[in-house]
């Protein structure tokens, strides 16, 4: 794709350049000060062979360019070219290919025939996170942009700043913007993408006004309308759920076979699960942070460039060795959960058997586990497979009951769960529901983890296991007594019962509340050592994952014993997320009052280790996390102010984001903060070395006969994830191995071309695939799409014709009822809004059975009226039932003349 980057007028001043010359110069030293590489710069002016150091030393390369008026220089480590006059990167690929003496570049047209499809040239870009770590014209790092307060919107600003400083998510919206496509309103992903682009723009303003995103979130959830203070954690959940809904894509079934074919250590990180919400803050038993996100399980593109981008945009995370100012030249240009069911695994089996059954399923084909609001924390664990309602397209309903709390920071709303149905799956009335489809999005790829919840009967030792997906962990803050129990349990290696931890601040009357308030004031004026050990984040995690006894009013209903039994309940992490979101439960809301737990919780800036909390079946190799950002709340439960502390990924410094004001702070300020929400990122030196190795392979520029297309989205994961998982090219391929027709017109936004040596290295390291050397539209999908379009057209035309006849009928002999819930699904399908046809007609929601066994319409039911012909037509297509008629055939009315005669006779009789 040609663009202005190819039009540098100074290219004519370049002499002959060959790969051998550049490699030879890369081993030399600065001709002014004698310093050796890496990151020397070579002048490209005709007849000039000067090699100078960069800004990590004395920057003689820049001094030479200014003194000699030589505009073009090339970095001898990354082989990227900078023009001082144009102040931008330029690309030499077309020019290099034109010089016969030099070796043909590895991606020249001689190496492989031009594609047979009308694709624009696909850029060769292996972009590293560091590539986006470029700086301003004034040498200030990017991302230091404030956000204007729109009226008590600090909760939103703090949350957005914290998310903005999560590199995997930000890089997706910056580098993979072409994947941000949705037809769902209010297109919040577009608003968020625009906001991120403004915040991280090279010419960033001092602050931005997030009006569009604020308006969109208010459309999604009415709770955020008005100007009342809200809870930043509720905002985060709502925002990420909506982003997931808008960006989710179905998981291609054949992708599972790819993970089986490769023996990759990191394959589990690519496991596709639908997104889920975090749990209620009301109860603390043992696993209270699983949540219900609904039908999306969890994993986008950057605008393409021209073939000239074959210049290899791979930035080095080794760039840590390059000075940050050096990156201005080197990278300045580069920024241009559904699921409805909690997966209860083999309830009647022992845990080993259950886990064996789970492991037999490839990660990408396992049934989506819901973000159910913590079945493991319900007072009485239900042994049935819990059926949760799928996440609505708009999370509005999750908050309706809590608008009254809008004036104060909210707890993690218990209404985040869907209603738990009392029917087992086998009891769902005769309708076969649509086959459940697994979904993933960038949100679920980054934030989704899973926990294994186990409940053991202490009488028969039966163990029930449930796999749940979480988006964040809501941790209780242990009190002094709970802390002593936890430490005692840790040192004695015995299970602790943390149940009281979550309730320690709950069962308080007014008097207890006043006493507690006075105590807190005294504590705040007294040195912390006087009160004993400080609560740590590890203590909160230990309290969360500790075993919980089920006895008394909270006994376990054992399926095997068929009785209420004493039991024990605990959970372990089965899969770690790439970014771990931790929510500390500081707010308690009672009927008459609310209050805030202001206890300081110390947290590590680096090296948070979750190994003690992992299940033995956990396949995540990287278990340590480094802090990215922390959201703090200053004030009380009724009022206050949110700010965020974030580490800038460019220079590693910490900054305070207080609405439109951004201030650099020392890390000790962060450590002493009253944390409310924390974002941790997996840390791995091995991942950094892996990126450096790929940079080196790409810099070799070996000629290759084959070019390999790789998913731009997966490449972004490779550049920003510690465990990217197997290569997943099914983000741009269909199940038949071709390009889906609906993606063909923007395929250059979905793929990146890699040289053969880079592909072979990535494939041998991560597995996955499949290998793609040729892009073509899938003819099978095209036929299926045409057949589907024809089916839709026939169904909707037939319905319209039958309905018109029904409307024209003055006195229909019979009227049939149809569930509007099913009808809306069918309507979305025939109008092209949903690719999946509805399941069988399900009138069970609008039907009730009388004592005689007669089925009739339920009062207040959500139904529509259709003719008998329409019912027969739809029932023949989809099946289902039951059949409900609200008006049966009526007896024939008497003839008006005979009626008049009868009236006359009756009148005469009365007269006599």
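Each residue, glycine too, has its Cβ placed from N, Cα and C.
Swiss-Prot lists region 'Disordered' for one of the ranges 41-60, 61-80, 81-100, 101-120, namely 101-120. Sequence-distant neighbours of residue 33 (Zn(2+) 2 binding site) (same chain, 6+ residues apart, CB-CB distance under 8 A): 53, 57, 58, 60.
Counting only same-chain residues at least 6 apart in sequence, those with a Cβ under 8 Å from the Cβ of residue 154 (active site, nucleophile) are 229, 641, 642, 643, 658, 659. Note on the domain 'DUSP 1' (685-778): DSSP counts are 48 helix, 14 strand, 32 coil. On its own chain, residue 43 (Zn(2+) 3 binding site) has 49, 50, 51, 52, 61, 64, 65, 68, 70, 72, 73 as residues at least 6 apart in sequence with a Cβ closer than 8 Å to its own Cβ. Counting other Cβ atoms within 10 Å of each Cβ, the lowest count among the recorded positions 60, 64, 70, 641 belongs to 641.
The binding-site residues 30, 48, 53 differ in how many other CB atoms lie within 10 Å of their CB, and the one with the most is 53. The Zn(2+) 2 site is defined by 30, 33, 53, 60, and by the 8 Å test on Cβ atoms against their centroid, the other residues of the chain that qualify are 29, 31, 32, 34, 35, 40, 52, 57, 58, 59, 61. Note: the CA-CA distance between residue 48 (Zn(2+) 3 binding site) and residue 30 (Zn(2+) 2 binding site) rounds to 14 Å. As a whole-number mean, the pLDDT of the domain 'DUSP 1' (685-778) in this prediction is 91. In the three-state DSSP scheme, residue 43 (Zn(2+) 3 binding site) falls into the strand class. Close to the recorded Zn(2+) 3 site, the chain also has 44, 45, 50, 52, 65, 68, 73: residues not among 43, 48, 64, 70 whose Cβ is within 8 Å of the site's Cβ mean position.
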